[in-house]
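Taking it in order: structure first as structure tokens, then the write-up.
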Amino acid sequence: MTLVQVMAQDDRDQVVLRTADRTEIADTLRPFGIQLDRWPLRELPADAGQDAVLAAYRAEVDEVCRAGGYRFVDVVRLVPAPEDPEWPARAAAARGRFLDEHRHTEHEVRFFVEGRGCFYLHLGDKVYALVCEAGDLVSVPAGTTHWFDMGAQPHFCAIRFFEREDGWIGDFTGSPIASTMPTLDELVG
């Protein structure tokens, strides 16, 4: 379920808003330049690779690239692999890479093909936890301080859009705020 929970930056228990209403979510985020759209989902095999995923969403991907000036697109997939003894360590490392507050010099645009993840947007004196699910397209403006949680058992596939080949370069703030907020798992229980 797509939802937003807005909390005071210094008190995670001071919840100003929690809603799964898509119109209310979009209206809440729009003043900050954050866009949330929805694409229809396509039938894909569980192990669909990058080429198959991009082919299934070719028209939408081309439109986002044209409108936003994105020249590089890739697909990232992280799904549980209980038969792989390395899986827990790989999942923890992947999760840890994005859990600290940072910003980028370009927009962060993601389409969730499957699964879910949470963008935490530090805007003014509040944190907006935006849980995205399959079908959600989110665009976070360049310079927005944020972090991302994929959960303790990551399960998602996302199409990522970049202006430059090295587009995901985080400028980390050094703030410990991410460690004071509820995790994705806590938000969705």
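Backbone N, Cα and C atoms are what each Cβ position is placed from, and that goes for glycine too.
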Which of HIS146, HIS155 does Swiss-Prot put in the same Fe(2+) site as HIS102, HIS104, GLU108?
-> HIS146
Env. residues of Ni(2+) site, Cβ within 8 Å of mean position of HIS102, HIS104, GLU108, HIS146 Cβ = ARG103, VAL140, THR144, THR145, TRP147, PHE148, GLY170
Intrachain C-beta neighbours of HIS102 (Fe(2+) binding site), sequence separation six or more, cut-off 8 angstroms | THR145, HIS146, TRP147, GLY170, ASP171, PHE172, THR173
Would you identify the secondary structure of GLU108 (Fe(2+) binding site) according to DSSP, in three states?
-> strand
Inside 10 Å of the Cβ of ARG110 (site 'Important to generate the dianion'), count up the other Cβ atoms and send me the figure.
-> 20
List the Cα distance (Å, whole number) between GLU108 (Fe(2+) binding site) and GLU101 (site 'May play a role in metal incorporation in vivo').
-> 14
Rounded inter-Cα distance in Å - HIS104 (Fe(2+) binding site), ARG110 (site 'Important to generate the dianion') = 14
